[in-house]
Structure formats: C-alpha cells, structure tokens
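These come from TrEMBL:
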TRANSMEM  48-69  transmembrane segment
TRANSMEM  75-94  transmembrane segment
TRANSMEM  106-122  transmembrane segment
TRANSMEM  142-159  transmembrane segment
TRANSMEM  164-183  transmembrane segment
TRANSMEM  189-209  transmembrane segment
DOMAIN    252-382  domain 'GGDEF'
Amino acid sequence: MKYLTAMYISLSESLGIYTPDQLYELFTNKQHSMPISRHRATIMQSRVFFFCAIFAVLVPTWSLIDLLFLPGKLWGELLLIRILSGAAFILLAWQARKEASLLRARLLLAGMLSVTPLFYLVSDHWLQAYELSDTEQVVAELYALLPFVMVAGLTLFPLTLRELLAYAAPMLIVVVIAVIPQAKNDIPQAVSTIWLFTLILGVAMFASLNQLRYMLSQVNRASYDVLTGLLTRRAGIEMLDLQYRLTTMSESNLSILYLDLDHFKTVNDVYGHDAGDVVLKTAAQQLCATVRKGDSVIRWGGEEFIVILPTATPDEANDVITRLMKAGLGTRPDGTPVTASIGVAEVQADTTKDWKAMIELADHRMYTAKTGGRARSMGINDTQLLWPECSNAEAIQNPEEVLPATS
Ligand SMILES: Nc1nc2c(ncn2[C@@H]2O[C@H](COP(=O)(O)OP(=O)(O)OP(=O)(O)O)[C@@H](O)[C@H]2O)c(=O)[nH]1
C-alpha cells in the first residue's frame, strides 16, 4: 500500500495530476487551513449576497409576466409565493453581509438553494391544476427551469465534493418528485428532464471543484512561506487580527513572542546564502515543534518570527520561551547554537488597544533584548530569560570570531 501511494505521488507530480492530499482537500474541508476556510467563507457569503440580491428583485418582478400571460387566479396564487420567496432572498442577502464564517456561509447557501426548489414545487402543484392554453403553457414551462438555474448557480461557489453532494442531492430529489406525475404520461420526457438536470449538475460540480482547486493553490501560495513553510506575514496579520478579536471578546489571555535571530547576517556572509536558508528552515522547524497545536508561527520578515500563543498568560509565555531555549533553534554551520532575541507582549498585562500595538511593544522589547546582549528574552515588567548554552552569547557569535582565517 505504501509502495502504491509513493508511486501515485511521483506519478501525480510528474504528470501534474492531483496527489492524495490534494484530492482529500477537494473532497472535504477537514484539512483546510484557517486562511483557506476564511477566504472560502468570505467568497461564499459575498456570492450568496450577490445571487440573493438579484433574486430578491427578479422573483417578485416576474409576476408582471405572469399577469400578462397567466389566468388571474393563478397569477394571484403565484404572486403570494413570489413575495414570500423575495422576502426570503432579502433575509438571506442581509445575513450574508454579516461577518464571514464557514458555518454561516454554508447555512446561507443551503437556504438560498432551498428557496427556489420549494418555490418550484409549490408553483408546479398549482400550475398542474389549471388547463393552460399554448401561450400560458410556454410561461408555465419557464417555471420548470428554476431548479436548473439553481443547480447551475453552484458553479459560482468554491465547494468541496462532500458539500456539493449534500447540496445537490435534495435538488435532485425535488426534480425527481416533480417529474413523477409527468412520467405517468410521458416516460421519455421525464427521463430526459432528469438526465439534463444530472448533466448540468455534473458540469456545475466540475466547475465548482475547479474553482476550489484554484483557490486552494492561490491561498496556499499567499499564506505559506516557500522556504520555511510558516505562515506569511500577510496570513499572519489575518491570524493576529482574528486571535486578538476572539481574545478581547472572551476577555482571556493572548501572548505573542517576537523573535529575531542573532547575528544571522554573518551566516550568510561567511557560509553563503544557502547555509543561511538551512539555518532559517531549522529554526522554523524548532519553533513549530516547541509550540502547541493551536499556536501559530509566522515568518514576519527575513530572520524575524512571530509566535502567537492564544490563551497564554505572561508566565505561560515564559514557559514556552524556556522550552524553546532548551530545545534550541538549531546550530550555525560552525556548530555554535543559533539564538534569538525575543520580545514578549500580552494582551491583559500590557492593556494594548489592538494587535498592532501588541506587535510594536513586543518589537520594542525584542530590541531591548538585542541591545542588552542578545540570546535572551525581554518580557513584561522587564523579566529576562537567558539562553542556557550562551551565557556569553556575544562572544560566541561575534562576527570576527566566526570568520574563517584568510590565507
Ligand atoms: N539566507 C537568507 N538570508 C536572509 C533571508 N531573508 C533575509 N536574510 C538576511 O538576513 C540578514 C539579517 O541581518 P540583520 O538584520 O542585519 O541582522 P543580524 O545579522 O541578524 O544581526 P542582529 O539582528 O543585530 O543580531 C540579512 O543579511 C538578510 O540578507 C533569507 O530568506 N535567506
């Protein structure tokens, strides 16, 4: 099995087709990262808003066409459900303007997709009760297109296969229920209706999955640093903003660490850029290995990192730093330990007004740690923690001392 998976991965890489992980990401959102879920929720809600706003106007306005071509009593009945559907679309559009979350986006889409099939089922029931002339029949036939319009609308949303199946199944059931009476008189017509619906559904699912695939690649590219695999500054800012708001809502704790590797430039200058890259990668891996699952590590700049520690008090943040100093950030090419200057900030202890102020404070403390001798952290109330192996960090990492002797 392992052998087959490895073969599939190498084949998929060389042919440019999906790897098992990519396929899984298209099947379900279980492994989607926070930036992807947020981005997807925002797109879905903005499109639900767009769709619902248009339908909120179109559905009631269409009654003018009904008035011209359908019997008066039938027009009155249809007008009632048109007004109700229009109101439902207004409600959905209004809800879609609220802050995006995946749960809200999914519920709104489910709501949007149910209004039209319900409208279709009720209107179809009333239309069947009337003997319609040829012209009236043409207008009535337009009603039968409603589920097709809705299913085609799925192309607008970047959905996983599981979501698509969950949304498409009820619509398919509605169409099957609606064609049952028709099947009694005209089986080929009923079969071709279901066939056409399935075909449009297939195309819509394909387009929707493709949109998701494209979105995944774009968001991943923008959210993860190519060298270290950490969150990029852009994705990190979104995460900081979210965590800060969640923390202030729940009045809990939130600590951040601002790390700047010490004398990193000398690694590049003495051993070359590739060696510098290896040091950065190792430091990033060590950081990720030290923090908890819910924490986030961001590559803030060249050799600067930010660690977000949700719910962590200043003492807990210091525990993380102690763990990190013990585990280390890897070694430089000359075998000396890589160290960092670290600034700490905490939302309650520092009473910061927003995440930017928190970053500024942590940056300022990191600078104090740097000027205070490097290889140390500077926390709240000037609490300092020193790197254990580096009681004399400056001497170990003095650029002049690591420069190889020139002949
Ligand atoms: N190899 C490599 N180097 C990088 C990357 N990004 C930034 N740098 C280098 O990181 C170095 C940062 O050096 P400085 O900010 O001067 O500071 P430093 O040498 O770490 O010294 P202190 O911060 O004062 O301890 C610069 O030489 C950048 O070129 C990268 O992706 N790869």
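Backbone N, Cα and C atoms are what each Cβ position is placed from, and that goes for glycine too.
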Within the domain 'GGDEF' (252-382), residues counted as helix, strand or coil by DSSP: 64 helix, 31 strand, 36 coil
Criterion met for the transmembrane segment (106-122) and the transmembrane segment (189-209) (at least three Cβ pairs under 8 Å): no
Stretch among 75-94, 142-159, 189-209 sharing the most Cβ pairs under 8 Å with the transmembrane segment (48-69): 75-94
Mean of pLDDT values spanning the domain 'GGDEF' (252-382): 95
